[in-house]
Structures are given as C-alpha cells and as structure tokens.
C-alpha cells in the first residue's frame, strides 16, 4: 500500500559516498543488505530466554486490527505482565513479508505477523519457530477450521491465528434502489452481472464493479474466490498446477468479460484493496469484493461519501459453490528470537478469546463460540451473520515453499489476459508452465 | 595539509581525520561488494544461518538464461535512455532560462529545487494519485480544459505505464540537472558572448560554439549521475506500479529485489545485484573517459 512505503527507502537506504558511487553505484545498497543475510555467521539461533525482558513485535497497519487497537492491547498486556516489555512496529502489508525476511538473521523481532500464504516458506526456511509443542490440543476444537489451517504447514504449527478474514460482497443499497435491483439477486455471480448491467444501463454509475486487480497478491485473492466459485483449484491432488483447467479458465474469462462489457472499472487493474475502498466510498462503484474492514470505514461519514448505504453479503455463488478466500493471518514467534518464552506469552495474550472479542469490530475472532455470543454479534451486527456462514467455507492458496514466485507468475499472466494481450487459456497455460518449473526446483 | 611540512604528530592527526572516511568506504562500500560476490557463489535460499551449497558461477549462468532478465533489462535501458535524455534537455533549457536576468530570480530558483527536495517515495505516491484513472488530477485537467472527457488509464497498460513513470521521474530529477548546469553557466564569462556578438555571431551560434563546449564538463558529470541513478531505479516503481501492469514496469533493480527478498533467492539476487554493479561501473568508466575528452575539448 502506498500509505507506508517508506520501508522501501529504508531497505535501499544505504547512501553511497561519492567515491562509492563511482565504483559501485547504489546497487551497493542492495548488495549490502544481501550481504547481511545468509551464509552463516550473520545470525544466531533463537533461544527460549527467561520469559521476561524486552520483546519487539512487527505488525501491519492496514486491514484488521488498527494501530490504535494494537497499542491498547500492548499496554493492557504490559499492565498484566510487567516483567515483559513489548515494543510494537508497524508496516504496510506490502512491506511486511520482506521486512520479516530482512530482519530475520539479526533476530530483530521476537513476534511477527504472518500471512496465511507464508507458513510453508517461513517454516521450511527457519524464519519462524515451530510452536507445535506449545499449542494446547483444545485450541484445535475451539477455533474455526479456517483459523486452525492458517499457521499450519506439514502438520506443524508456525504461529497462532489472529486475524480471520475472507472477502465479502459489498453493495451500495441506494444505487441498487435507483436501478430497481433487488439485493437478493446478488446471491449468485450471474445475478451480480445482471445487477451490474442494470446499474450501468440505468446510468447510476458508469462502472458498477471495482476490484483489486493490481499486479499484487490482492489480485490472487479475488481470483481465488472466483476460482472456487467456478469449481477450479490452484493445484491438483498430486500438487501440480490445475488452474489452467476448466474452472480456473472460466474464472479468468469471467473477469476479462466484465472489463470488455464495461461493467468493471478499468482502474481495477491498478487497484489494491484501499483503492477499491476509496472508489466505493466515493459512490463511484456499486459492487465490490473486499475484506471485513471496509464495512466499518465505508459507513463512516469521516471516511466515506456513502455512509449508511453500504451493505455486506456473503460472496456470491458460482456453478460450484461459494468458497471464500482464506485471507487470515497469524502471530508467529521469530526463529531468531532470544526471548521466545516471553514472545509466546504475548502471542497467547493477544490471540486470547477475551482480547479478540473486545476488538471484534476491527477483526472477527478466531474462536468459534464467539460467534454465538450476543455481545460479539452486537459489535458488528451486519458482518457477524455473514461471517458465520462464510468462515466455515474457505479455500487456501497453495501451501508451497515457492508460493511467492508462483503467485508473481500467475499475477503477471492474469494481467496479460485482463489487458486482452493473451486469451485466458493461453495466459493460464503459460502461468502453469512457469509454476510447474518452480514447483520442481 | 602535508604540504605545510607538518611533523610526525601532524601526520598521525591526518590519519585520524581520515579514519571515519576509511571506515565508511571499507564498511559500507567494499565489504558489501566483496560479501555480495561471495553470496552470489552460493545457492542461498534463506536469510538464516545454515550450510548452503557452493555453486560457483551457476547463479550468473542462470541470469543469462532467464528470459525475464532480458525483459527487465530492456525496460531498464529504455527508462535510462529516455529519462536521462529528457532530464538533460529540459534541465539545460530551464537552466538557460534561470541564468537570464529575470525578476525575482531567487524565487524561480527555489521553486525549481522543490521537486528534487521531495523524497522519491512521496513523489511516487503523488503521481500515482495524479495518474489515477478514476479520480486523478491529470484526467481532471484534460477534462476541464476540454481536451478529453474520456478518462485515460495512465498506468493501465504496460508501455504507457513505463512512460508515465518516466514522466514522474523527469519531473523530480530535472531539478538536479538544472542546478549542475546553472553552476556551469555561471563560470562562462560574459565577454566571450560579447566578443562573439561583435564578430557578428547569432545567439544560436553562440549557444553551440560557446555555451555548449564550455558546459561540457558540467553536462558530463550530471550525465553520469543521472544515468547511474536511472539504471538502478527502484523506489518510484515500487510505489507507483509495483512493477505492473503485467510486469511492464519491472526494472533490473526491482526484479533483483523480488528475487532476493520476496522469493528468498539470495544467491541469485546477489548475482543480479553484482551484474548491476558491473554495468554501473562500466557506465561510470565510459563517462569518465568522455569527461576527460570533453575537458580537453573545452581547453582547446
């Protein structure tokens, strides 16, 4: 996200001296960071520590719990556990992965927030600690299935689920009313297309749909949700790419067609979730997929021009159902942490049912029983009922070590199809052949 | 300092004064250069300590077999050539203007430095907003002045996006060119122009025969600076397009970053980074040679 891209400058911040620039240029900056990583020597193995002292945690400032929420949690923990001192850092989602990687060898962080697509990579590369032995058996029953799967890879736990999220369908009820569209129609993707056509022909908005289809992970999240609706899957049972087959191709054809028909805003291919929120909140779109957090902000008069008109539904169903993309995140203990016991205590505290319920407006709890608690339902009465239906039906993106590289290949090819430079079939075939070679190596 | 014939103590003091610079040069420049080379010889796939296989020059071989590398190299060359050319042409023009006896010249000069004073990250975020196809200022402007009311997706197609990123880069970096050239212009004595005028030379001829040759050293320096900076462009792309659409704005530095940090291929990333260093080194050498020749020409 643009909001906090300063990390990029931090990453390449080494300013060469004048002579340095002549012999090496600022590439040295990158080289310097590369040099700091890997090849032994640089890092130390983690240690359990005394369970006391200072710990440092890395969070994101974006969807989910706000910076303010997290700072409150930290001070509440501090009050209850004065022997552990926590300092929290925040970066944007787009910078989170690379910050974790760059900080890993120095053991800078004790606790890091990880996305559902990273446990395979971080677990097998020893960036985060295996906490299977610390996991109480009861949690697996008490947490929702999608949450339990989030920090899991190869039968091991690499963290504790904390943000449980998927993409919901948001609509502008005033727009629908103007176009004479019944919200019940939004139950299927076909119905969504009909609604979009009515909104367009009725002149309510020029482009009824807005998506986060920038060349980024956000694109894969939208694609995953459609892939599931059309009955496709990322990988087959033998672990080979399968998205270039029927359902996967249909999902991409669907996406491309909405652009050709002028139903999707052409800025979609340059938009992240925050851009979607902005366009939707300014009343320039009527329908959008986004994470839970958009509900609160799009209905907030300070942030939105359409407060009160924003409604939320479960993701529409396609020919093969309506799975949501598992967009959850977990808190992990860094493998290089010298104070892993203290780090674990902090993780246990902030992921506890009591703390999660308190902040349910920002992010829904991972604990199953919370969804029947009237106090929790009251915090977010519009989203909780939809979440209750949706969170039992989530699909994971591939849990493979080389996920990032595979995702990048898929993002680029999907964009070529969206821009009309390749047919959906051709683009996905090309992505599949790249993915196969990545999965082999 | 040494010329003043100082004693032994003074020599030591001189060494002491040089120490911080030496630490910086060795620590920040030489150590990473050597270390990166070592890393590039291993197949390192995690930031954590461990034993990784030594692969010799395999990573370099892989770079040259990687079709994506040639694509991003093409983007980088295009970016470098076009942005440097535009920055230089515009920079010289603006500097000539600011060198003229204008009213409130100090004010114009401070305005010109503003874009350069802006951090690249902020500049990138700014232009991302300006170019936005939905609510961007550029489409708004085109609509208001009546040129076009159909919004253009400035960052929507790969080649257009690359050009628009170049425009944003040119907007920011022309400033520094202006300053170098302005400094160069002020060293040219007015009597040369006067003499030319007396001999009946036109202003145009004066520009090509007096201004340009005497500006050569300043132009060469700024050309080196800008080419090298453009060749390793990263942050403006990270902010404005994230390398998209369809990888159309990925440059060598951005690709290196992706491989090293997103994909944790540190050995491969180090090989890529090393190749950037070598390319930049070659560019610097070529320019330094040009600069020397330029100075000779200037003397003649």
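The backbone N, Cα and C atoms fix where each Cβ goes, and this holds for glycine too.
What TrEMBL annotates here:
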type	residues	note
DOMAIN	B:73-289	domain 'ABC transmembrane type-1'
TRANSMEM	B:12-34	transmembrane segment
TRANSMEM	B:77-98	transmembrane segment
TRANSMEM	B:110-130	transmembrane segment
TRANSMEM	B:159-185	transmembrane segment
TRANSMEM	B:206-225	transmembrane segment
TRANSMEM	B:265-288	transmembrane segment
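Across B:12-34, B:77-98, B:110-130, B:159-185, B:265-288, the stretch most heavily in contact with the transmembrane segment (B:206-225), judged by Cβ pairs under 8 Å, is B:159-185.
Non-local neighbours of the transmembrane segment (B:265-288) in the same chain are 33, 36-37, 39-47, 52, 55, 59-60, 62-63, 69, 220, 223-224, 227-228, 231-232, 252-253, 255-257, 259; each lies 6+ residues outside the stretch with a CB under 8 Å from one of its CB atoms.
For the transmembrane segment (B:77-98), the list of distant contacts is 105, 108-109, 112, 162-163, 165-166, 169-170, 173-174, 176-182, 184-185, 211, 215, 219, 222-223, 226-227, 230-231, 233, 251: same-chain residues at least six beyond its ends, Cβ to Cβ under 8 Å.
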